[in-house]
Amino acid sequence: MRAPTTARCSGCIQRVRWRGFLPLVLAVLMGTSHAQRDSIGRYEPASRDANRLWHPVGSHPAAAAAKVYSLFREPDAPVPGLSPSEWNQPAQGNPGWLAEAEARRPPRTQQLRRVQPPVQTRRSHPRGQQQIAARAAPSVARLETPQRPAAARRGRLTGRNVCGGQCCPGWTTSNSTNHCIKPVCQPPCQNRGSCSRPQVCICRSGFRGARCEEVIPEEEFDPQNARPVPRRSVERAPGPHRSSEARGSLVTRIQPLVPPPSPPPSRRLSQPWPLQQHSGPSRTVRRYPATGANGQLMSNALPSGLELRDSSPQAAHVNHLSPPWGLNLTEKIKKIKVVFTPTICKQTCARGRCANSCEKGDTTTLYSQGGHGHDPKSGFRIYFCQIPCLNGGRCIGRDECWCPANSTGKFCHLPVPQPDREPAGRGSRHRTLLEGPLKQSTFTLPLSNQLASVNPSLVKVQIHHPPEASVQIHQVARVRGELDPVLEDNSVETRASHRPHGNLGHSPWASNSIPARAGEAPRPPPVLSRHYGLLGQCYLSTVNGQCANPLGSLTSQEDCCGSVGTFWGVTSCAPCPPRQEGPAFPVIENGQLECPQGYKRLNLSHCQDINECLTLGLCKDSECVNTRGSYLCTCRPGLMLDPSRSRCVSDKAVSMQQGLCYRSLGSGTCTLPLVHRITKQICCCSRVGKAWGSTCEQCPLPGTEAFREICPAGHGYTYSSSDIRLSMRKAEEEELASPLREQTEQSTAPPPGQAERQPLRAATATWIEAETLPDKGDSRAVQITTSAPHLPARVPGDATGRPAPSLPGQGIPESPAEEQVIPSSDVLVTHSPPDFDPCFAGASNICGPGTCVSLPNGYRCVCSPGYQLHPSQDYCTDDNECMRNPCEGRGRCVNSVGSYSCLCYPGYTLVTLGDTQECQDIDECEQPGVCSGGRCSNTEGSYHCECDRGYIMVRKGHCQDINECRHPGTCPDGRCVNSPGSYTCLACEEGYVGQSGSCVDVNECLTPGICTHGRCINMEGSFRCSCEPGYEVTPDKKGCRDVDECASRASCPTGLCLNTEGSFTCSACQSGYWVNEDGTACEDLDECAFPGVCPTGVCTNTVGSFSCKDCDQGYRPNPLGNRCEDVDECEGPQSSCRGGECKNTEGSYQCLCHQGFQLVNGTMCEDVNECVGEEHCAPHGECLNSLGSFFCLCAPGFASAEGGTRCQDVDECAATDPCPGGHCVNTEGSFSCLCETASFQPSPDSGECLDIDECEDREDPVCGAWRCENSPGSYRCILDCQPGFYVAPNGDCIDIDECANDTVCGNHGFCDNTDGSFRCLCDQGFETSPSGWECVDVNECELMMAVCGDALCENVEGSFLCLCASDLEEYDAEEGHCRPRVAGAQRIPEVRTEDQAPSLIRMECYSEHNGGPPCSQILGQNSTQAECCCTQGARWGKACAPCPSEDSVEFSQLCPSGQGYIPVEGAWTFGQTMYTDADECVLFGPALCQNGRCSNIVPGYICLCNPGYHYDASSRKCQDHNECQDLACENGECVNQEGSFHCLCNPPLTLDLSGQRCVNTTSSTEDFPDHDIHMDICWKKVTNDVCSQPLRGHHTTYTECCCQDGEAWSQQCALCPPRSSEVYAQLCNVARIEAERGAGIHFRPGYEYGPGLDDLPENLYGPDGAPFYNYLGPEDTAPEPPFSNPASQPGDNTPVLEPPLQPSELQPHYLASHSEPPASFEGLQAEECGILNGCENGRCVRVREGYTCDCFEGFQLDAPTLACVDVNECEDLNGPARLCAHGHCENTEGSYRCHCSPGYVAEPGPPHCAAKE
């Protein structure tokens, strides 16, 4: 630690120490990243957050601004006198620094204003006589005291430095106290010096002068005499860091060990030593990205002299490592885990083109224990270093550094005093390391994440690997213990090439150093973006205003916007900063460095290449190769880049081979070729071609791999080979040469004997150094230098021939030793001092693109192929091969870095011979088709044609055939045909004649007698004949011949045809035809015109015949239909003589009647009514006629006898005892009872003995005050209790505790038991119902008028809400009206976050799955814990935590209203959460009631299953009902199906119309039972098994009688089935209405309700006898009555309702309702609705005017009452057309039902009935 800055007194030194300590402590407490420094080094809050850190409780920010402490920090030097452990300690109990802090507090009256710091003027350097332009610092805000006397501001002062009540001259009051303890220096101290005493400045290190205005020149360290050698002084312009993430370091360069002689100032070369030594008390505050708990960047600090400078001259950055005292952070680390992936790249060259192919290996994990680890299988070795090795040192063990020759110490941080002081053994260790078979890559990475640590745990990892591999590190983590490996890792993407000296690659922790030129001031740090250091998403383009095409990895804003990106962002995308026309090279203008596209600022003077290949997604299907300022996508052999340069396509996609394209392909044959030859990709990618080429190659189908190979862009698009090849050639020339050559060098083994001197590679980073732009009017040239891994650029000399000064980073030491040039063009030998290895100690690429070979007296450069030594003979430069004319005038030579290429002229082709290229002549004469019709002679770059006879030379140099036929007279008597080189005369064809060398047509029609029986038509070269009717053209079409019409059957089809010349005749017509008048056809004969045809019918003529129809009665047409024959009426089962015997006659029949029948009209037997005229059944019966007979209907007390023809008395006393309690006496037609005791009396109606009820009301009760209970023949007296009491076994009346039933009084009150009764004490917002047995909600909106003012009042359960009509307003409870909503204000009252936050989290809700693992069945994906656990859920959340049980405290807290109720989001009243019924159908709709419909009830839900399903409570689904278990198929085999069943019948049985019975269709008796065939009497009433009140007028069938008004049928009095039975429903095709009415729940046919009817309660009636109509959910039970009598016995007269029948017994004999069940509606619950009845049969919705009802289907809104009333569809004239045809309509609640008439069945679809088949 250096000594503090000296001053004139010791006390001042002490104050300086505390003065430096105070602001640092406050900065640590306050956070230096939140502060900005003003022009004199003080800190001010950078935002309102900084002010908030200092605000006292309850103070206003404006008032607190005067309390902000002024901070002072020296970022480049540690605080004197303090250890790093004290930096984070809070300042406590020190009156010295506290008084100093109070002295620095600004007065309350200070004003914040902006001032300009003094502008530093140009001054002459004391040694270099160079002008340095001082830069003015940007304007900053600072606190400045107004110019008023201190006494006027503070009043009278006391204490020291006070003169006359005011501060003495040179002193002023401090900012925080009223004492004159602050010295005044005018003018103020510069360069951040401090004013210690009046007019006395204490300067910072590196500055001197009265006002610290002079920069102390740097000193060189001379190891010969161990004394500092002064260098040119360096000035540093003051300027505060405006970014909260300021980075910076003070870098001092050291000259070589042997100082050269001082040349004249104008000729001196400034060549800094590449290994940097940092001196001076500098400290760099840096920020490392970390993933802390809050996601913020951690602040870390490094001390002086602990910075590692990369040994590469191209890597102009400083790597900051951990300080020595930070080692305690990793002392306990015994094991380090390193995960990396090796990559091996090889270079293949073919046909003059080279390509890179890289193959990644397996991801390797090595553990470093004790400082190093080794994997013998993979050949990799890693070193883990806990100490930093500086000045080019390398870590070779856990706590050991290998130091170069010019440094020493544990960290290589001390310079070597003398050359002979180097410790022994180090050099040998270094040589052993280099001679090994492995190479090393070095990475400096953070080991773990720490919160605000000043000593970051950075580790330096060296990976030794085979030379052909490179390494990519994924993870570096610490392992705390062997048994419990707790990893603390940082994932990184660090790439490094194999460098033997451990140069750091793209380390994301490399800071921006500022290398200082000799004689030039260090430039201020760059102005960093507010996004500096953040990683975000980089976008390549936008689509419809939205960012699109994101890259695959996160990048910084500088890397994104400086390379390929247009938009960038962390949480949202923003356009990249506008980039002006960027320079082609880096320039510095107005103090800012501008980099070209593809580069980013490395520091104030260097631009570093952006490695775009580190960003995923640029080269989609290709390999990415980084180039200078850009990148390149390369492809594997057989592939090439498309025009987008980012995708590899097959070289078949740009094949230039041409062939025929066929538009049709069938049966392997190609047809319809195109005219021109085209390529295969144009043919097959254009949807035109089906096949291509000479072999008829079929085009590949779209979507196949073959199609994508030739059509990578899809249908309608092809690639241009010229574009692709030109771009590839350009890429090879400008971009591929250097990277590929460098990789070739790296993979090439060194020559024999040079293994110990391997070539030194440059760092992978590329940087460009820029000179400062001159001022306007300066005529000096701008000097720009670039440096790259393969080509370090040089600055040429000026016009006067002076050698240009070397630039920093070239790494060429300045040496007075002589140079010896070896006779070679690429070897330079330089003599150096003893013990000086320039190839190692210097930059790794001292020779540039060549190999540096150390010599005893210097070094030599062996240049790579394509390079030559620079004229200065000190490094390799590109060899311009084009100067030697390698293309020999046959093409254009294009030079490239390290190579060249020839662009051959037409007529020449490129030939590559090894490393050379040349253009050779193309022999066009060897190509087919050249000089056709002549002789070809090849020439240089072209060819020449000599034409044969018959050809002529054309302009293009080709031979063209002469067409001799163009000359008239060539062939006077024939036709001339041209041929290649000649012609031929041919004779004219038939029909033509020669004329002037051509053939003309002959008109044959001019010849007489041609075309007899026709007309001649002349044609070109021939003629044809058009014949008359009856003639046809001859085969040669030159004559006409007769047509034989008789050869076709169409002539005379019903007769004989005779052919004649030109015509024909018909004869011998068939029966029914005759010959017409012209004899050419046989016409039909009308037989009906002749008399006597069809005498007993009507004759109808037909073609060729006739038929007899409409025969007379008793006749019918015979099978031939040509006569009417007699009908035998006596044949067949249905004889016309019913009740008699039939006898057939001609045209009629005769009836012979049986007894009981009589003949009517001689044709039928009619029943004789014996009951007319004679009294056969008198006097005790009524005569009823029957078919062929009669029977007697006897009066009560009489029975039929003698076959039913007589009535006789019934002895009632003989059959049963009709007189219980008495004696029976038979009488005529009746009986009488003689009662035995006085407790019975005869009935006046029936005469039976009836019990006398002694307990009936009478004046003198038989039991007095006791309760009388009647019994047969007697009675008993029972002690009775008042209501609310029950009788105990001992006879006492005990009070009934109604409150023992928890359901009494509901959920909104509690029960208070009283004697004989109880009362309900209701909660707030509820009141007792009129019955006093429950608590009902109080409608505050109706009771309290205008309770919400002008807002809408909405009543909720237990309270009310005030809602504003507009969403832009909110209700103010204090003012009582709506006011505009404040921005950001919450509508619901603010409550504690910790109480409300869990209820807002929505996660998965699970149900218990029987037999399966937990959390295997998801109820809902987006449910709160209350919605899940208060309803049907069993587990909730990502952790699948079980829901609390209903009897737990957690459940009562989560679900205070009980099961089925959830809190209403946003609804608060009087500070309490409102709860409402949970609609499980909405929350868990898809998981509930599958194969059915879910219906919400309060509380719970119900499942309405589809037909064929029943509800399963365990799975909450509707399961298939196995109908086959219910004997569904009679006489057949039942097969169950999902939701239905099917009956399989065995032959000859078939399935009837019901689908449930197999019947025999061959037997008529099976199809038509007797009671459906015969007609008989229908009885309307049956009493005591006696049928009475017959239906008079007509007889009916059994079905008609029972389904209309009858109760029995036929003479046997067959009883009809009960109307509530299944037999009646099947017989009459109606639903069991009585069964529906008997149930407490109104069932809809075809659906099952609830958890199954077996689970319904036995008693669906309440205490008042009214049935409960609420539907039962899967977990609910029927509501218990408010109270019950425990002493009630099962035998009491308690109304009991039997469970209704199963739904399977209700189907399927009904016509379903027309309307479907109402769909699920979402609306307000009844308790939330502002309508009195809650919109029953509809849903309640809120509108602007209030509330209204949205009615379900089948209901309509009644406007006056706001109620949904049923629509009577049966009376609606506008309803369905012909509603319930063939049946009658019955209106139901919300729908209607059709009942089909007998003989009709229900049809699917529209509601109507169809006749049975």
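For all residues, glycine too, the Cβ spot is worked out from N, Cα and C.
Annotation in Swiss-Prot places Cys1177 in a disulphide bond whose other cysteine, of Cys1153, Cys1192, Cys1194, is Cys1192. Record source Swiss-Prot places Cys882 in a disulfide bond whose other cysteine, from Cys863, Cys893, Cys902, is Cys893. Record source Swiss-Prot places Cys861 in a disulfide bond whose other cysteine, from Cys839, Cys847, is Cys847. Calculated from their C-alpha atoms, the gap between Asn1161 (N-linked glycosylation site) and Cys1613 (disulfide bond) amounts to 35 Å. Counting only same-chain residues six or more apart in sequence, the Cβ atoms lying under 8 angstroms from the Cβ of Cys613 (disulfide bond) belong to Cys619, Cys624, Val625, Asn626, Tyr631.
The average pLDDT for the region 'Heparin-binding' (226-243) in the predicted structure is 38.
When the recorded positions Asn406, Cys988, Cys1213, Cys1518, Cys1587 are ranked by how far their Cα is from the Cα of Lys337 (heparin binding site), Asn406 comes first. The glycosylation sites under consideration are Asn175, Asn406, Asn603, Asn1301, Asn1422. Their Cβ neighbour counts within 10 Å are lowest for Asn1422. Note on the disulfide-bonded residues Cys1518, Cys1785: the fewest other CB atoms within 10 A surround the CB of Cys1785. Considering other CB atoms within 10 Å as the measure, the emptiest surroundings among the disulfide-bonded residues Cys945, Cys959, Cys1613 are those of Cys1613. Here the Cα atom of Cys947 (disulfide bond) is found 83 Å from that of Cys395 (disulfide bond). In the three-state DSSP classification, Asn1422 (N-linked glycosylation site) falls within a strand. Not a single one of the disulfide-bonded residues Cys670, Cys696, Cys999, Cys1770 has a C-alpha within 10 angstroms of the C-alpha of Cys959 (disulfide bond). Every protein chain shown contributes to the tally, and the Cβ of Cys1587 (disulfide bond) ends up with 23 other Cβ atoms within 10 Å. Other Cβ atoms within 10 Å of the Cβ of Cys696 (disulfide bond), summed over all protein chains shown, number 16. Here the candidates are the recorded positions Asn175, Asn406, Cys988, Cys999, Cys1281, and by Cα distance the one nearest Cys1213 (disulfide bond) turns out to be Cys1281. Distance between Cα atoms for Cys1613 (disulfide bond) and Cys1224 (disulfide bond): 28 Å, as a whole number. Cα distances from Cys1587 (disulfide bond) to the disulfide-bonded residues Cys988, Cys999, Cys1785 are smallest for Cys1785.
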